[in-house]
Amino acid sequence: MPRTSRLDAEGDNPHPDAGPIIGHTELKRHAHIAALLGKDTADKIAKARVLVIGAGGIGCELLKNLAMVGFGDIEIIDLDTIDLSNLNRQFLFQKQHIHKPKSLIARETALSFNPHVNITAHHDNIKAPKYGLRWFAGFDIVLNALDNLDARRWVNRMCVAANVPLVESGTTGFLGQVQPIFPGKTQCYDCTEKPIPKSYPVCTIRSTPSAPIHCIVWSKSWLFAQLFGPEDETEEQELQKALANGENAEEIEKLQEESKEIKSIRVSLVEGEGAAQRVFEKVFRKDVERLLGMENMWKNRIKPRALIWDEAKKWEHTELPPAAIAAETNATAAQPAKVPGLAPAATRNGSTQASGEGLKDHQALTLQQNVELFENSLLNLAKRATASPDDPLSFDKDDDDALDFVTASSNLRSFVYAIPRKTRFEVKEMAGNIIPAIASTNAIIAGQIVIQAIQALRGRWDQAHFVTLSRSGVRLLNGFEVAKPNPACSVCSENYGLLRVPSVEMVTLGEVLNKVVRKGRDAGGLGFDEASELSVYEGSRLLFDPDMDD
């Protein structure tokens, strides 16, 4: 959304009903940047069109930095919504913002640092079709603040094809790195093989988990802490303060209801009987149904399915009872829905059911067995927590009750999202690799992103550096000369061309091949003859190959 602010006679008080007029503060900001970097660079910063992808830990710090430096035109995109667990390191968000889109709130808060910057926010998936090559080509630079491999590779391909500089970044605990990418001049993100991540930031697994590790992190770092960790006594005060400051009354009321519900469930753990069911119904049914109401989130994802306590306790089979699925699936008793990826209980993960032979920790559990483990471990932990109310529990993978609880709750969440389940042994192994996000690391890396972005705007790729952050060694920060492109890279070693088609409904792939690809160069085509090894892909899906049947 473009800014509509103006400074009054005092110099620094914005009037939202007036047009933008740059005042004394902004002129000083520009003068300081000009004195430091030169007027030409300062002007480029003020006029640059910047795309920030991700509004999480790095994204919040980065957006603040861009606004404070004086970047004039910024767009930010993120699909996620704000969660309580984000607040310790994503400082643009506060408790009254919980459940709201990260990108929209990040924009709103960043404008308080500099009301003169133009920030447009998108609550959407960067891989949505409308964010195509032409859209990427409209930016002077793209800054990645992502936390997953798939999205990083997607953005890298788009920037290489659009010939737009990209600054890639990432953090894991106290480690971080920044990689400036200049298409055709330096290595792109895919020039080097990337290891499969062994640790995941919590902010990526709150609403749209897609792998078992996401569910394990959710169970260990969020659910366990909510029920048995230190209790937050200031939440109600913060909500009341937000209401007094004119925040949306309806939203505040919903947050107050959720706060009371969570607290009442935690208090009810003392009662023992029915406590497990209340927790189950909240996190595996009500919370899932709330997420289903956010339609934008599921445009390019498989929707989750809520579980029902009574049905889950009975389920010993590989087909989910219709009553255990949210109403929108329209399942009937005669047509039970199957859970994708769930093999028969006797053969899953190469093990037997819990009632069969084999080591307990290596056995795959049915839904019923996970519910029983969830109930028993929750009651055991509740007894321990109530016996020592002044000594909150913390997760320890060697604590049997804690490990049982995380195993069961992560598997139940996996059932909700149709994700393969893990054995107790596997959960214990994976939980040990979870590394918490560190706010200071994000701040340092965000600062380095801006430094490399300025080099990109100046066109000085030869002065850009691949930057690493590490606690080991003599120096915390190390800069390395950016490497040249890898000639064997499947992304940046290719030649890209933009083919504009008036209507995809009116033009077939065969016509494109015959009239453009195989047409001679002297006639305006690409000159691939019939003998050429030519294949056509859409992402990883093969559309055409000479060996394919007609």
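The backbone N, Cα and C atoms fix where each Cβ goes, and this holds for glycine too.
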Segment assigned the feature region 'Disordered' in TrEMBL (from 1-22, 243-264): 1-22
Residue with minimal Cβ packing [other Cβ atoms within 10 Å] among the binding-site residues GLY54, GLY57: GLY57
Remaining residues near the recorded Zn(2+) site, that is with C-beta within 8 Å of the centroid of the site residues CYS188, CYS191, CYS489, CYS492: ASN156, VAL160, GLN187, TYR189, ASP190, PRO485, ASN486, SER490, VAL491, SER493
Per DSSP, three-state class assigned to ASP78 (ATP binding site): coil
Mean of pLDDT values spanning the domain 'THIF-type NAD/FAD binding fold' (31-490): 81
Close binding-site residues near ASP147 (ATP binding site), where close means Cα within 10 Å, chosen from CYS188, CYS191, CYS489, CYS492: none
